[in-house]
Amino acid sequence: MGTREVPLRMGLLSLCVGTALSLYRVPLRMFAGKLKSSEQLDLGPLKPNASGLSLASEPAGLGSFVNMINNLHGDSGRGYYMEMVIGTPGQTMNILVDTGSSNFAVAATPNRYVTTFFDPAKSSTYESGDQTVAVRYTQGKWQGELGTDVITLPQGPNDTIRINIVAILTSDGFFLPGINWQGILGLAYPLLARPDASVEPFFNSVVQQTGIPDVFSLQMCGAGVPARASGDTTAGSLIMGGVEPTLYQGSVWYTPVLHEWYYQVEVLRLDLDDQKLNLDCREYNTDKAIVDSGTTLLRLPTVVFDAVVETITQTALVHDFSSGFFSGTKLACWLKGESPWRLFPRLSLYFRATNSSQSFRLTILPQLYIQPVMDMDGMLDCFRFGISSSTSGLVIGATVMEGFYVIFDRMHVRVGFAVSSCAEVEGVTVAEISGPFAAEGTASSCVGRALLQESLMWVLAYTLMAVCTLVLLILLVLLLVPCRRRHRDGEITDESSLVRNRIK
């Protein structure tokens, strides 16, 4: 789950900004604050285009996903959530959709930001697992009790499903002001589930119990909507079981999932307008690049972020721009009617295609990463920078995802992108997708081999724990068994003991 915004403390600073050509002046004001970024359907075979790049076939489903359209509410600043009915009798909750985690968890005690919560004692179908679970995100953490219960989805598959559920008992920085959800729906792979991969994630249970294809797709319609607008004016769709063609336009382009934990993909390159960043492609994948609907911003590894900011400040039609805007501590404000988007470049991300010698490009216009936040007394329009620095890898969050219909095709271990039908701001389509492009000049793999993946680290950790447990058991047996003299050939002496030879 990604970071989300906290209340702003505003202090007015004014400055005048000229263009690169000094032909006109753009009124700009900076505001200080604290912004902390975090049916059955046959998809059919792939059909290659003339260049050999695999594109999506047109969906030819046997059913309809109409009931799932617009089943999400919220916005990028506070997250996108859907309604669920948990337990017997049903308790209705709003649950955050997060492709960057794998646990289903819901508030089970009152919280100053959560007035509605799930009460396991009132559900006749709840079963406690007597196990404590703790999860920490980029921002916020919680701890609770693992159990199981049944759920139904008013705008989802028409079945009652028994799932693993964590009743959140304590939390810190997880539930925030202004949210309208009470839990989190982790849609990633079992390897990320806590306390371990034996806890079957929500969507795995849905696929297993309903028989729908192992595919879900996501549309988030918050492009150009102020992150702190009151009410739920935006919407989106979580389609479980396939692809809804009315939610996108043009072709779908796929990139492989490299490791089945997060939805980890391979980014080859980043451009600002036509200017390519002069970076080794491994920098974009340090230590991973993932697609995460629970993260608000586009988060870039520090080296990449610094290069992006430097390029923007050199090429954008804005000079003497406060560094606080790029670091997320200040807002940039213009007089109403003065749009800042024409002052900034387009941003493009290149992904390795299913044909590994080719790539495709996602392009977002400034309307997606220069994001409206609020106005000041009806006189000013204020904006935040929708990109942040990251020490935990490149995260494709809502800043990018709001421009695209994203398909998580777990059957074929790939993620697909198409331009979203709701990716418009003031009548302008703010996302583009194009290709194929040759991947010449790019390393055969842009994923750093020297860096251990977290998944491997967890496997090693569990292996070491098992070995240590075995060693301790053997030691305990050796200590408890009485020492008896035997024939020399069978005698356990200090020279051959486990303690002497293994623990120095």
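Each Cβ is built from the backbone N, Cα and C atoms, and glycine gets one as well.
The annotation domain 'Peptidase A1' is assigned in TrEMBL to 80-418. Taking the domain 'Peptidase A1' (80-418) as a whole, pLDDT averages 92 in the prediction.
Here TrEMBL flags Asp98 (among others) as active site. Every protein chain shown contributes to the tally, and the Cβ of Asp98 (active site) ends up with 24 other Cβ atoms within 10 Å.
What TrEMBL lists as N-linked glycosylation site is Asn158 (among others). Other Cβ atoms within 10 Å of the Cβ of Asn158 (N-linked glycosylation site), summed over all protein chains shown, number 10.
Cys422 (disulfide bond): 20 other CB atoms within 10 A of its CB, across all protein chains. As annotated by TrEMBL, disulfide bond applies to Cys221-Cys422 (among others).
Taken from TrEMBL, the feature disulfide bond covers Cys281-Cys446 (among others). For Cys281 (disulfide bond), the count of additional Cβ atoms within 10 Å of its Cβ stands at 22 [all protein chains shown].
For Asp292 (active site), the Cβ neighbour count at a 10 Å cut-off comes to 25, with all displayed protein chains included. What TrEMBL lists as active site is Asp292 (among others).
Positions annotated as disulfide bond by TrEMBL: Cys333-Cys382 (among others). Neighbour count (other Cβ atoms within 10 Å of the Cβ, all protein chains): 26 for Cys333 (disulfide bond).
If you draw a 10 Å sphere around the CB of Asn355 (N-linked glycosylation site), it holds 17 other CB atoms from the protein chains shown. What TrEMBL lists as N-linked glycosylation site is Asn355 (among others).
Residues or ranges marked as transmembrane segment by TrEMBL: 456-481.
The recorded positions listed here (Cys281, Asp292, Cys333) include no residue with a Cα within 10 A of the Cα of Cys221 (disulfide bond). When the Cα atoms are compared, Cys382 (disulfide bond) and Cys422 (disulfide bond) turn out to be 23 Å apart. A separation of roughly 27 Å, to the nearest angstrom, links the Cα atoms of Cys281 (disulfide bond) and Asp98 (active site). It is 29 Å from the Cα atom of Asn355 (N-linked glycosylation site) to that of Cys422 (disulfide bond).
Rounded to a whole value, the Cα-Cα separation of Cys422 (disulfide bond) and Asp292 (active site) is 19 Å.
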